[in-house]
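The block underneath contains the structure these notes are about, expressed in structure tokens.
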Amino acid sequence: MLNTLITRARSGEKIAMLTCYDATFAKLLALAGVDVLLVGDSLGMVIQGGSNTLAVTMQDMIYHTRMVARGAPHTVIMSDMPACSYEHDRETALTNAQTLLAAGAHIVKIEGGGDMVETARYLIENGVPVCAHLGFTPQSVEKLGGYKIQGKTEESARAMLADAQAMAAVGVSMVLFEMVPAALATQITQTIQVPTIGIGAGAGCSGQVLVLQDLLGIYTGPADKAPQDYKAPRFVQNFLQQGGSVQGAVERYVHAVKEGRFPGEQHSY
Ligand code: KIV
Ligand code: NA
């Protein structure tokens, strides 16, 4: 299933990806034509009401992956490896990745380049498909000093290209870019052989992802904050307003991605 998708992406079809955390939405999203369901550790915010992804555990990821797999048994499922489940040693990373595959994931996503290239290599050598998440990496939000666009300087842009090339060389199936200048994500997409997925990374990627609750316009920040104090990031679009129904909103998103109409300039950096 994953290989078919990669082949379609390589032949130029855009990949439409959305986050998903439960069986009801999984079924609906699969029907609406979403190519990949991302069981994202963004569930720490949108499901658990926290202010970042750092408290999400392997148990949480296993549970939500199982629920999504139950709802969409014929759709590609990508699961995030949560903070502290893969960064420290590769044996732990492999055991945890295999646990997510056993729960129903087809591919796991890890954040970061650099040292994570060797971790990705080890997972792939042992039969675990990997997506590398570069650019803004939410598990490092504290180190990065907040939600900031990455790759703006020449040096950081070069480093991101090098990370993407290194990840491609060890055989990752996809590279995801979050909050990266559109020009840089486009350039890297044209340089590496691996499909790229963007979120706040412009229209030049091989596919797009959004958080489902952002697409529906129903996420208003952490549970303990007033909704009026929350401002959605620039790359978010509410598809429910015009979609008319949840199903319609998701279908509109899928078509907009496939036809290259989303994201627009106003969503990009
Ligand atoms: O956890 C998540 O939802 C993600 C996407 C925002 C890429 O990693
Ligand atoms: Na994530």
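Even glycines carry a Cβ here, placed using N, Cα and C.
Record check: TrEMBL places D41, S42, D80 at the 3-methyl-2-oxobutanoate site, and the matching candidate among K109, K143, K148 is K109.
Excluding the listed site residues D41, D80, E111, the same chain places G40, S42, T53, V56, M81, P82, A83, K109, I110, H133, P138, Q139 with Cβ atoms within 8 Å of the centre of the Mg(2+) site Cβ atoms. Of the listed binding-site residues, namely D41, S42, D80, the sparsest CB environment within 10 A is found at S42.
Recorded residues E178 (active site, proton acceptor) and D41 (3-methyl-2-oxobutanoate binding site) have their alpha carbons 14 Å apart, per Cα-Cα distance. When the alpha carbons of E111 (Mg(2+) binding site) and D41 (3-methyl-2-oxobutanoate binding site) are compared, the span between them is 11 angstrom.
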